[in-house]
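Single-structure report; data block below.
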Amino acid sequence: MVVIPIALVLGYLAATGSMNFIVRLVTMYVHELGHAVTAWLCGIPAIPGPWVTPTGEKRWYWMALLLTGALALWAWTGRRHHRRDWLAGATVLLALQLVCTFGLSLDRAQALISFGGDAGMLVLGTVLMGTFYVRPGSYLHAKGLRWGFVGIGALAFWDAFHLWWSARTDAEAIPFGRIEGVGLSDASTLVETYGWAESDLIGRHVVLGIACLTALAALYALTLYRGRAHLRAALRALPFQDG
């Protein structure tokens, strides 16, 4: 039950310490996946890679239709097998895809993709940590993958959240500038290309990070409550006898 708190503490120490450049070799992939997942939800093709994620300049609606079909199949499978977590996850992603693909202009979608890098580290990092509580007997549980995911998730979350939390009082912490072979950094793209105010740039990352921490805390509390309830039920079932 203490795995998540310990992972958060160790992740914070690693992500904010002198070996941060090594941590970045791991969290960079979560960052790029964040760009790609955001693009896919917006109906825009993207291929995540090390340090850069090439994305398309327009929507591929046939690709969006394939993603819709895959998510719908996931939801149907969850309902058929009485997996409310699968059904809920698929439903949320379907709703996000609907809004991002049909409710956002292409310009706003591209801005969201730029935001999706560090935002993805916050959200995907939280999801990775949450996989520690997958059902016993599931693939992630049986193969022990959840142990690796919780560590990667903690590193990714703190690598992004510490940066933007620090930027509240130190604007120089914001990663403005150009990246060799890539172009403008995500922060510079959002401010210079899409007109985001610096305060909005910081505030949106911080609010999202706090929301992710709150969701993780709620999941932890729920799991703790269920664990204690199961323990009480098991104790009541013991064949105690007098004398």
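Here the Cβ of each residue, glycine as well, is placed from N, Cα and C on the backbone.
Note that TrEMBL annotation is computational and uncurated.
Per TrEMBL, transmembrane segment is recorded for 6-26, 33-53, 59-77, 86-106, 112-133, 145-165, 202-222.
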Can you tell me which of 6-26, 86-106, 112-133 gets the most C-beta pairs within less than 8 Å of the transmembrane segment (145-165)?
112-133
Any chance you could find the range in 33-53, 86-106, 112-133, 202-222 with the most Cβ pairs under 8 Å to the transmembrane segment (6-26)?
112-133
